[in-house]
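Structure record follows, encoded as structure tokens.
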Amino acid sequence: MIDLSILSQAYFSREHVARHQLDSYNHFLINNLQKVVDEQRVIETDIESRGKGNEPVSVELGDLKILKPLVREADGSQSELYPGEARLRNITYAAPIQLGLTLVQGGVRHEPVIATIGQLPIMVGSVACNLYGMTDEERTTHGEDPLDPGGYFIVNGTERVLMTLEDLASNKIMTEYTERYSERIYVAKVFSQFRGYRALVVVERNRKNLLEVTFPSVAGHLRFVDMMRALGMTSDADVVRAVSTDEEILTFMMQNLEESECETVECGVMYVGKKLAPNQTRDYQRKRAEFVLDNYLLPHLNYLMPRIVNEEDEECMKIVHSVRLAKAHFLGRMAEACFDLVLDRRRIDDKDHYANKRLKLAGDLMEDLFRISLNRLTRDIKYQLERASMRHRDLSIATAVRADVLTERLLHPLATGNWVGGRTGVSQLLDRVDHMSVLSHLRRVISPLSRSQPHFEARDLHPTQWGRICPSETPEGPNCGLVKNFAQMVEISKGVHSDDEVVRMLYGMGVERIGVEI
Amino acid sequence: MPSPKRIGKIEFGLLSPKEIRQMSVRKIIWADTYDDDGFPYPQGLMDLHLGVIDPGLRCKTCSQKSGECPGHFGHIELAKPVIHVGYTRLIRKLLRVTCRECGRLLLSDEEIEKIIGPEEEMGTDSVSEKDVKKERICPHCGEQQLKINFEKPTTFAEITTDDRGKKVENKLTPADIRARLEKIPDDDLQKLGIVGEVARPEWTIMTVLPVPPVTMRPSIILENGQRSEDDLTHKLVDIIRINQRFKENQDAGAPQLIIEDLWELLQYHVTTYIDNEVAGCPPARHRSGRPLKTLSQRLKGKDGRFRGSLSGKRVNFSSRTVISPNPNLSVNEVGIPQKIANEMTIPVQVTTFNIEELRRIVRVGPERPDLKSPCGANYVIRPDKRRIRLVKGTGTEDGNLDFVADQIEVGWIVERHLRDGDIVLFNRQPSLHRMSIMAHWVRLMDGKTFRLNPAVCPPYNADFDGDEMNLHIPQTEEARVEAAMLAAVQENILSPRFGGPIIGGIHDHISGIFLLTHRLRWFTKEETIDLLKNNHVDRLGEPGKVENGIPYWSNKQIFSKILPDDLNMVFRASSCINCDECKRVNCERDAYVQIIDGELISGVIDKKAVGAFDGAILHRIIRQYQYTRAAQFIDDMTRLSIRGIMHDGFTFAIDDEDLSKSDYGQIKEVLHRAAQDVERRIQIFEDGQLEPMPGRTPEETLEMQIMQVLGKARDNTGEIAGRHLGLSNSAVVMAVSGARGSMLNLTQMAGCVGQQAVRGERIMRGYEDRTLPHFKKDDRGAMAHGFVMNSYKSGLDPTEFFFHAIGGREGLVDTAVRTSQSGYLQRRMINALQDLKVAYDMTVRTTGGRIIQFEYGEDSTDPMKSSFGEPVDVEGIVSNILKEEI
């Protein structure tokens, strides 16, 4: 018999207690921070159209760099900041964020300026932390407990932990029954997520075997077949093939096709447009419908979408059309799932199955926060530049960037726990009652379900939590089963970064293309 | 104090503009509150006629000081009438059922008669909105009616059809509506359930707004000296500002559009002033973004005036601390720490009889030095109601104790400290039944916790894991008498829920008395005295036997010492297993209890005899000798049982769960056979041979069978374990005597934990077609669905442990969810039943005199005075006389 306690001990070492917090935050620092900046890429201004004889002005965002935590004294001197000092002096353990900004004025590109755009709170023990890579002795000399697991932030001297949030997996087709007017309705749902935007798309079968689609920004239900038309599927055969070639489903599809009122793409788009903006001009309706289809329907398929849709550009429109077709095929899959459920070939999905859960760790939360904060900063920069232009001053990046805007936006949620998106209790004061409570707090998982409702099934210990969530540790009382803790040997996997690799691998495994080139 | 007055009648109605002006002491026209010197503006919102809140000023209406002046209403003359949001539904109804031209009810007299009966015998029925058809023609003047649209919160509109057949909404201003409501005659209102004299419908449209007194919206002064106004004042400022602007615009002849806008704005402000949470209306906010707390918000909800300040308020003369047990106290006593006793006082009238004693008390002063010394006092009250605080002299400053003590005369009141023998009310929340508040007698004690006899834990549902309890001191003679006569612990031994005792022995009391009285044991004189040393026993009586010249007393003789002398009863103890034929006195479990003339002849005393919720002996003593003797018996019994359990000692350890090797073999065998049985049944099912039970699918039938087989297997292991573990085992003693736990707990510890279930079913959820990856897919076997074969002693293997955690989680969730639900249920029930009473004609009635039950409980039986629900305990009376079992 092998002594497994060695393995167990390895998992319970100082390095491992807050490993998930540190890994996630490091990933955010190294990869996602730059990714968020790249999403923004350019700040366009309206200076051109504002005054007379003005040239277009924009700012390009370049490389982002996080320094080590610093403290700036009242006399202006700066020195390295260690967590112990931050705790004692009630200051924030944060490092300056430096971003390369290039001002483009008319056709002229100015020299890139490196500006400090704000302070990023640094997780104790992460790669940006001053304690990173230190030996126990060095830690001790800097006033740090060598056994402290790290994995938390220090904001105004208080230690704040970001709770791991448990959520239903996005971009996954889930089936369920709902009851409406004492009738059973078969539903296929998808939480489609793309760059922090989350949209619920529903395909359901009503009692007349008709499929209906619901998605944000459109009130009420839309006919499935007409939606497919709007997305570019003209022939009935294509629509049916996108769903299934199964005999029984075919009969269902026939009923749906009969109810359809559209034959062409144009007609489909107008059908959506009429629902969206009744009593408006046809042109406006068409534009609005296309905009909504591209932005609010299944946004997770938008990863190939060009940033700016230029209707003149043929190459660009080709991509847009292929993305729309992809959406049609995805709707087809949802319809099939829905029919499978009707025909008892598929069971409803177990929402409490841990395969259907995704965890939002510190890094993901910081990414959400940073995205919104950076957005605010760019708006502020734009406003500052436009104001400077109005007053006929020389435009300068250094004066347009107000670092406090970003810092304030980053610190406030962390200090209060009121995260972007209105979620509360995301950051909590680290429980230092004893060492064990610290360990437990760093490994806590919170479910977003309301604690005032029973939610019996969600509170149950699910067998798929084996090895992931501790079966014993959960509070008694209203939060029972909703607040969980990681199991000792939990390993948290990350999503794959490169889409291409996955695509290549899938094709290598014999996956066939669905006809369109995406 | 003004003498109480009898209320002649209460009239509910609306305030008419006339009444508002009449009760107003000042017309308010300025939105400003204070001038630069911090003095209220005349005719401003803080006008001195409206009452005073600042000390030093006098009210200009009643010339009283702040704190004495109750405040007076003012009024604002509104530029145009506005709708009172609270009455929009009434207004809508009235507009729809009355004629837009003549204001009469849209029904002919015949129709009215059909609905509410003839005029002579008109009852409480009234015409409702549904009785009037929409858009009909007025039967009185022949006017075509129009559809009235109501849009929340306060917009009314008439729908007309224009020449092209298109529907047009025609907005009704509050003034239009008021004009229409004015036209409704009082007689027609009567038919709608409205008394016109006190509540004219046009008064729901306000032309004058009452301004509440400043005492109801005091401003507070912040640390930095700045004034911060109340939310209501803020809102009133808004109203006055807009009103002023409205007036100016009106006088200047502003265009209709602007007038309409201002009117709407005024309406908005008045609406939010009354209710800031109306649907379809953005709440008015403070500068900080916090929604204002206006009139309706003051009254509504848990912390509102009704639930927060009137039916639930904070009280003086109360204290709260942690509780801890003390079995040496009597059940009707409570131990109180000195610190609390020194703070809490009882007012004592000085009379010629007690003046010397009270002088001594006053001389002790506000701090009594130790528990033994006589109590002190904190205040004395002179006949002119002036309070004098007693101050003890220190080294530098003189006290007033001796001075005050000499001053005291008959007619003064001394607020003396709590002392031994005072009566207090003791309470633990949640107060779910009346036994949650009981009166106890005070015993001062060391320490900082309240001490109580563990026997009174069941009615309070208290334990000592950090529970806190509250204590209240009745302040009047009447209150003390009431507490002693009605609320005292002994008066509440019987529960009004089922008529049995709710106070009695728990846990160790029962184990102890069981061990002491089980079978026949003999004790020497020393042992006997030791056992009875905490009881008041004067005489041991004749020894039961004398051996070698040494006298011995039997255990049953010892117990009999605490029984009343002429008690007769026969019953079966908790340990009775209901044999087909009772062996009576020869019962090998000693479960046949026979008490004749106060002597325990045979049988063991356990939960059935003295336990809380059962307590047969206790019950009989209450019926035969009243409550005081019963309390005495509980005290004696608990003390004796504690001595009894200490005499033998009582422990439980891990090796108490050990079984013999052959037992383990048998358990293994039983479980193995059960597993095979399950396999066999699964095989039958899979072959399609399973005969489904009526109304169930084969799957359900199989599940039930498996549950049954495994349940039986667990019970069998329990039996094997039980055979091995006798009364020498503490857990068995506890289970058999009913003190704590059951044989099932023991089975799980020593035999087999058994099937884990979620909502009554085996564990089914998990991965695809299996619970855990440790099992094969589609395995229906026992182990794969949560059967725990091991015992707690032998230890669970990992999958078993996990299944056990699943089963355990369900219990945790259940308790958490249930407590909140039952709390709400209780609240609703109390609200529904609180004012019911039994009237002199023996019917149960509401305060309004409506009959709920013709006879209380349909049999007029007070459950507390019944014997477990039966009005007369015939069996008990007969058996008491015949001295044998019936």
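Glycine residues also receive a Cβ, built from the backbone N, Cα and C atoms like all the rest.
The shown structure was predicted, so the numbers you read here are calculated from the model rather than taken from an experiment.
As recorded in TrEMBL, the features of this protein are as follows:
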{"type": "BINDING", "residues": "B:Cys59, B:Cys62, B:Cys69, B:His72", "note": "Zn(2+) 1 binding site"}
{"type": "BINDING", "residues": "B:Cys99, B:Cys102, B:Cys138, B:Cys141", "note": "Zn(2+) 2 binding site"}
{"type": "BINDING", "residues": "B:Asp463, B:Asp465, B:Asp467", "note": "Mg(2+) binding site"}
{"type": "DOMAIN", "residues": "B:567-598", "note": "domain '4Fe-4S ferredoxin-type'"}
Q) CA-CA, which of the binding-site residues B:Cys59, B:Cys69, B:His72, B:Asp463, B:Asp465 lies nearest B:Cys99 (Zn(2+) 2 binding site)? A) B:His72
**Q.** Local Cβ density at B:Cys138 (Zn(2+) 2 binding site) - other Cβ atoms counted within 10 Å
**A.** 20
(Q) Return the count of C-beta atoms lying within 10 angstroms of the C-beta of B:Cys59 (Zn(2+) 1 binding site), excluding that atom itself. (A) 23
Q) Over the domain '4Fe-4S ferredoxin-type' (B:567-598), what does the predicted model average in pLDDT? A) 85
Q | Shortest C-alpha distance to B:Cys102 (Zn(2+) 2 binding site) - which of the binding-site residues B:Cys59, B:Cys62, B:Cys69, B:His72 | A | B:His72
Q) Got a sec? Which of these binding-site residues, B:His72, B:Asp465, B:Asp467, has the most Cβ atoms within 10 Å? A) B:His72
Q) In sequence order, which same-chain residues at least six apart have a C-beta under 8 angstroms from B:Asp463 (Mg(2+) binding site)? A) B:Cys457
Q) When the number of other CB atoms within 10 A of each residue's CB is tallied over all shown chains, which of the binding-site residues B:Cys99, B:Cys141 has the maximum? A) B:Cys99
Q: Starting from each candidate's C-beta and looking 10 angstroms out, tell me which of the binding-site residues B:Cys62, B:Cys69 has the most other C-beta atoms.
A: B:Cys69
**Q.** Alpha-carbon spacing, B:His72 (Zn(2+) 1 binding site) to B:Asp467 (Mg(2+) binding site), which is rounded to whole Å
**A.** 47
Q) By CA distance, which of the binding-site residues (B:Cys138, B:Cys141, B:Asp465, B:Asp467) lies nearest to B:Cys69 (Zn(2+) 1 binding site)? A) B:Asp467
Q. So, by DSSP, how many helix, strand and coil residues make up the domain '4Fe-4S ferredoxin-type' (B:567-598)?
A. 3 helix, 9 strand, 20 coil
Q: Would you list the other residues of this chain near Zn(2+) 2 - those whose C-beta lies within 8 angstroms of the C-beta centroid of B:Cys99, B:Cys102, B:Cys138, B:Cys141 - in sequence order?
A: B:Arg100, B:Glu101, B:Gly103, B:Arg104, B:Leu106, B:Pro139, B:His140, B:Gly142, B:Glu143
Q: From the binding-site residues B:Cys141, B:Asp465, B:Asp467, pick the residue whose C-alpha lies nearest to the C-alpha of B:Cys62 (Zn(2+) 1 binding site).
A: B:Asp467
Q: With B:Asp465 (Mg(2+) binding site) as the reference Cα, tell me which of the binding-site residues B:Cys59, B:Cys138, B:Cys141 is the closest one.
A: B:Cys59
